Amino acid sequence: MQTQEKADHRSYTAAEKGAAASDASETTSVFAALVAEEDGHDIKYRTLSWQKATLLLFGEYVCLAILALPWSFSVLGWVVGLIVQIGIGLITWYTSYVLWQYQMRHPECRDICDIAARLFPRWSRLAYEATAVMLLLNNIFVIGFHVFTGAKILNTLDDSKMCNVVFQVVSAIIGVIVSLPRTLNHVSLMSVVSASCMGIAILLSLVYVGIEPHPGTGYGKNGTYPGLGEVRTAAGIPGGGVSFVDGVNAMLNITFLWIGQILYPSFIAEMREPRDFPKALAALTLLEMILFTIVSVVGYHYLGQYATAPMMGSLANTKYKKSAFAFVLVPTVVIGAIYSNVAAKYVYNRILGPNSRHTYTHTVVGWGTWVGIVVAIWAIGFVLGNVIPSMGDFLSIMSGAFDSFFGFFFWAVAYYHLNRGKLFSSASKTAQSIFNVFIFGIGLFMLGPGLYTSIKAIILDYAGPTRKPFSCTPVAI
């Protein structure tokens, strides 16, 4: 009883209190009761259909980082690159399904922090608060990445010598405006435009690398074509060898593309019918498998060792670069808004409470608090976007520090809770249990060597000629 009380440190509604003790077979009626509780509210949260949840997922995943895949393949080669890409994709689908099963067992969970408190009942308060810190850091890092990317896009499109910090300010202001809607239902509508624009950017990039006679420039002092020789690809690790830091960072970049479970509990909590989430998950996984494979294969084939992150940076024709990169601006701010919404909602609920009248009605206090939180989150993201020198470093440090927990550790533990007492009851259960030990091991690798290589890469970047914090130096591709 003491353990249960510790896990219930948050304030719950009547339906949620019932949900905490309900059997899995009763969760459908519990979710229906939670939706019914919002009747008569000005602001309704549990309104997402599975189709809109799919759009949110598309909006989250169809992003600029996809265009870093050819660079990862230039480090890993065809075989290792495809194994990592497909393998992590299948593991992500499996762990996401386990996440959904666990949340269906615990409908009272509103976000990843609630999930953590349930996963570790002996230390529920510590797990909740530690996960809250990771949630905020992860989401604000993502926002910082998008502030940096927005400035990079504007810098590329603009031929003037305007200070890069000004572009970052503009990027942050746009992000704040787009982040003002309070429900994910509204954000899902923006995700349609976001994914469409990013799809155009990806298509243009693939067409351009195919029609150009040769790449423009890659990385390194001899990176300008033909300084690195004719374009070549490698089945295994490319000739000349790959450093441990570069190899792990390339794998982390691929992993970052797949891991997004930190937002899933928040998405599921705002669905009308959470039991339909696997439909959205299946649609997302199919899209990712197709899109990621096409981009990595076509991009690496035409760019080889000249591939950059993002790959339009390797284009020789400036007009091609600008026309492809211009379409990335919309997904840059919309994806930032998705992460901002989840982070801001957590902070808002801690300040005013999830069941206060300000949460469900239009009040000056409610909206004033919401706007203040959103501005603060983007302001911190603006600072981060100015102090970390490269896009690759952003991706790698987030994968090492956060994806180990939100992509692997949590769901191996969730599997244990869901199957406790029958982990080895059959050949199938035994195989799944061993597989979850393997998943936990991947998390350990990402948290240890993965985080080490990310930090090492940042140190190496700062040791060389790189962008300094709050520098006016152009960051155009």
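The backbone N, Cα and C atoms fix where each Cβ goes, and this holds for glycine too.
Predicted, not measured: the structure shown is a model, and the values here were computed from it.
Features reported for this protein in TrEMBL:
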COMPBIAS  1-11  compositional bias 'Basic and acidic residues'
REGION    1-20  region 'Disordered'
DOMAIN    47-455  domain 'Amino acid transporter transmembrane'
TRANSMEM  53-73  transmembrane segment
TRANSMEM  79-100  transmembrane segment
TRANSMEM  126-145  transmembrane segment
TRANSMEM  165-184  transmembrane segment
TRANSMEM  191-211  transmembrane segment
TRANSMEM  250-269  transmembrane segment
TRANSMEM  281-303  transmembrane segment
TRANSMEM  323-344  transmembrane segment
TRANSMEM  364-388  transmembrane segment
TRANSMEM  394-416  transmembrane segment
TRANSMEM  437-459  transmembrane segment
Can you tell me which of 165-184, 250-269, 281-303, 437-459 gets the most C-beta pairs within less than 8 Å of the transmembrane segment (191-211)?
281-303
Winner by Cβ pairs under 8 Å against the transmembrane segment (437-459), considering only 53-73, 79-100, 126-145, 165-184, 364-388:
79-100
Is it the case that the transmembrane segment (53-73) and the transmembrane segment (281-303) have 3 or more CB pairs under 8 Å, with pairs at least 6 apart in sequence?
yes
